[in-house]
Amino acid sequence: MNPQIRNPMKAMYPGTFYFQFKNLWEANDRNETWLCFTVEGIKRRSVVSWKTGVFRNQVDSETHCHAERCFLSWFCDDILSPNTKYQVTWYTSWSPCPDCAGEVAEFLARHSNVNLTIFTARLYYFQYPCYQEGLRSLSQEGVAVEIMDYEDFKYCWENFVYNDNEPFKPWKGLKTNFRLLKRRLRESLQ
């Protein structure tokens with residue numbers, strides 16, 4: 001897809017996680033999307049491969065690629081096989097923009113052997129109809145789009161953050177913002 005795309009990172013630093021994934025209702029100055037992923041390859045009902053990693057937007061002048069496109073490029077070039085079923089799970093700091101949502105939906109329509117679940121910390125420009133339509137297009141392709149809850153943040157902390165064995169420390173407002181965002185997502189998907 002795009003030869004300039006970097007390979008995924010293994011993890012991110014704690015400060016990056018707390019800044020980028022905090023589920024604020026209004027998240028000013030968070031201009032990047034971070035995407036943590038797991039990929040399970042399944043053959044004959046057994047998990048045959050397991051990949052994890054982290055992508056972020058590449059905003060240099062050569063690639064200018066959103067995190068979702070970085071993942072798709074890497075996945076298509078290095079992982080995807082027509083003889084394997086895949087369960088892919090994303091944990092994202094922002095929900096996809098309309099262009100990325102459309103590209104992911106088109107990819108899934110062409111690859112029925114790939115199932116995708118997206119857990120997102122925040123909804124990107126959820127008040128605009130085209131962003132809502134992007135999320136609906138993903139849902140129509142069978143993608144489960146969910147808002148990250150405490151357990152999802154904790155999972156990310158334990159699996160995608162250089163945490164030095166420190167426990168996840170939830171921030172004030174996590175549960176309240178989760179409920180507000182979950183309701184807003186439900187409204188957007190109708």
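Just so you know, glycine gets a Cβ as well, placed from its N, Cα and C.
According to Swiss-Prot, the protein has these features:
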ACT_SITE  Glu68  active site, proton donor
BINDING   His66, Cys97, Cys100  Zn(2+) binding site
DOMAIN    29-138  domain 'CMP/dCMP-type deaminase'
Proximal but sequence-remote residues of the same chain as His66 (Zn(2+) binding site) (Cβ under 8 Å, at least 6 apart): Thr33, Asn57, Pro96, Cys97, Asp99, Cys100
Fewest Cβ neighbours within 10 Å, where candidates are the binding-site residues Cys97, Cys100: Cys97
Long-range Cβ environment of the residue listed as 'active site, proton donor', under 8 Å and at least 6 residues apart: Thr33, Leu35, Trp90, Thr92, Pro96, Cys100, Glu103, Val104
Check: same-chain CB within 8 A of Zn(2+) site center, minus His66, Cys97, Cys100: Thr33, Ala67, Glu68, Arg69, Pro96, Pro98, Asp99, Ala101, Glu103
The domain 'CMP/dCMP-type deaminase' (29-138) - residue tally per DSSP class, helix then strand then coil: 35 helix, 38 strand, 37 coil
Integer average pLDDT (0 to 100) for the domain 'CMP/dCMP-type deaminase' (29-138): 86
